[in-house]
């Protein structure tokens, strides 16, 4: 029934999946409640101002904690957290195992003895030993060995906005750094790598800008070189398969002529015969597939050409990754801030060492699970909004017969339709992806925790489940994207749109395969081109730098950034091609070019349709695969 229903592009607009929008709004209110709760319970003040080991927040008056000495102090003039042993880091629990105190100033120079610590307290009024010791007792009281900082006390400076005294020289964190960077065993290597990055920061920024410019240029010219890329790919595949098969048969013939004296030589000859036969079968199958797919490849080239025109008419599409990335950064910053709040939320509880820890009791201690689900769902929601925005703009371009009548800003018009009508559909689609991501992340966490402990069978089953969930996630993401396109065309709810899009994709399965193989490979070549060009420029520029010895890390950073930039831009291009294909499939299904049922498509796609019709007429009406595919026209 879905395939017979008439599509009416951009004629009706109605709200879709309203219950899911309400559910998403309620979920976001829950996220806001977690943030408000953590702030109301003092977590924000403890995170920003810092607190000592006795539960006192630095820079304010405090309330007494029952059973804890040195709690409830007035620390209005002591605004900085100071650790007696800042280099004693617990790698397992990722925290500093040291007594923390509130001090009025951080030591700006190294203090080598207790006398220096005492002089610093008398001069600056900042007592670095525990509260029960007076500065005059630092050198005489035997308790000073435990209640005063481990000396020499390193030079430190306050961290901006967080009021913690941190050592200026990070060498004491070498153990922690080695745990994170396992390939660095020599601290001097780490220092040289970091100095290389700092010295070449201008070059790194310039090369990152170069990768950005190259990506934008490639998006403009790719429609002109798409045909060349496809033919180069086809020729390389043909030559590679023929060459490999020919070499195998040549080796087999050469060894057969020579005398075979040992059993090993006979086994090798038999293996060569098997390999040559297998390569021949593979080459024949590959040729048959390319023969069948040759006309679908022509469609891929035409779609890439039209996609280039879309970017000319809708130049703001190029900047779509920037807005999405900016919104994601804002949300991730908020999420990490609230996560840090949750780490200091709770009631003060004495631990086994007699100090204070803040812990949540009851159901509230599971709030961070809700917070993690929020990270996945809202991130997927933001990405889905980008997909719906791109789909809406491209649909408007495709189904507008006179391109001069396009809205002034189709992107903003698409955003307006998204906000007014389709946020519920986006919320539902992103929730489905979240349902698949969460089990996969749980299994990955279990696999990491059991690494080296589970048997081979359990390890294989875990990896198989993770792989299956990953494949399911990719398939659902592709179906979701096409469902958003169907929603942008017909303003239907998510399930109806997904069903309609699925029917269209199944009816054009060979074309979909051609676009997702040839097209994706072309875009992959584009990414490789940008990374190689940026890397080559980086090698040439960094080669002239003599201020450091190692420039491998700057080059790796530049290449990674170039790949990410190219992926962001070309993924938009891929998205546009997918939307254009679904519009084209719908256009050819319900229109035939006759009066009253004129095509919406571009001239390039029209030429493809005309060539297909001529081929169909020449081949007769034998009911072949191509005839069945073009029959609706």
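We count from 1, first residue shown onward.
Any Cβ shown, glycine's included, is placed from N, Cα and C.
Long-range contacts of the transmembrane segment (20-45) within the same chain: residues 57, 60, 334, 338, 341-346, 358, 364, 367, 370-371, 374, 377-378, 381, 423-425, 427-428, 431, 494, each at least 6 residues beyond the stretch ends and with a Cβ under 8 Å from a Cβ of the stretch. Look at TrEMBL and you will find 20-45 (among others) tagged as transmembrane segment.
Here TrEMBL flags 203-222 (among others) as transmembrane segment. Remote same-chain partners of the transmembrane segment (203-222), defined as residues 6 or more beyond its termini with a Cβ less than 8 Å from a stretch Cβ, comprise 197, 304, 308, 311-312, 318, 522, 526, 529-531, 533-534, 537-538, 541-542, 545, 554, 557-558, 561-562, 565-566, 568-570, 572-573.
Residues or ranges marked as transmembrane segment in TrEMBL: 228-252 (among others). Within the chain carrying the transmembrane segment (228-252), a Cβ under 8 angstroms from the stretch's Cβ atoms is held by residues 269, 272-273, 275-276, 279-280, 282-283, 286-287, 290, 297, 300-301, 518, 521-522, 525, all 6 or more beyond its ends.
Residues 234, 237-238, 241-242, 244-245, 248-249, 251-252, 255, 510, 625 of the same chain, all 6+ positions outside the transmembrane segment (272-292), place their C-beta atoms under 8 angstroms from a C-beta of that stretch. Residues or ranges marked as transmembrane segment by TrEMBL: 272-292 (among others).
Remote same-chain residues near the transmembrane segment (298-318) are listed as 216, 219-224, 226-227, 230, 390, 393-394, 397, 403, 406, 409-411, 511, 514-515, 518-519, 522, 569, 572-573, 576-577, 580-581, 584, 602, 604-605, 607-608, 611 (criterion: CB distance under 8 Å, separation of at least six residues from the stretch ends). Per TrEMBL, the feature transmembrane segment maps to 298-318 (among others).
What TrEMBL lists as transmembrane segment is 325-346 (among others).
As annotated by TrEMBL, transmembrane segment applies to 366-399 (among others). Sequence-distant contacts of the transmembrane segment (366-399) (same chain, at least 6 residues past either end, Cβ-Cβ under 8 Å): 9-10, 24, 27-28, 30-31, 34, 37, 310, 313-314, 317, 320-321, 323-324, 327-328, 331-332, 335, 338-339, 342, 360, 406-407, 410-411, 413-415, 417-418, 422, 425-427, 429-431, 433-434, 437-438, 441, 480-481, 484-485, 487-489, 572, 575-576, 579-580, 583-584, 587, 600-601.
Per TrEMBL, transmembrane segment is recorded for 521-542 (among others).
What TrEMBL records for 548-570 (among others) is transmembrane segment.
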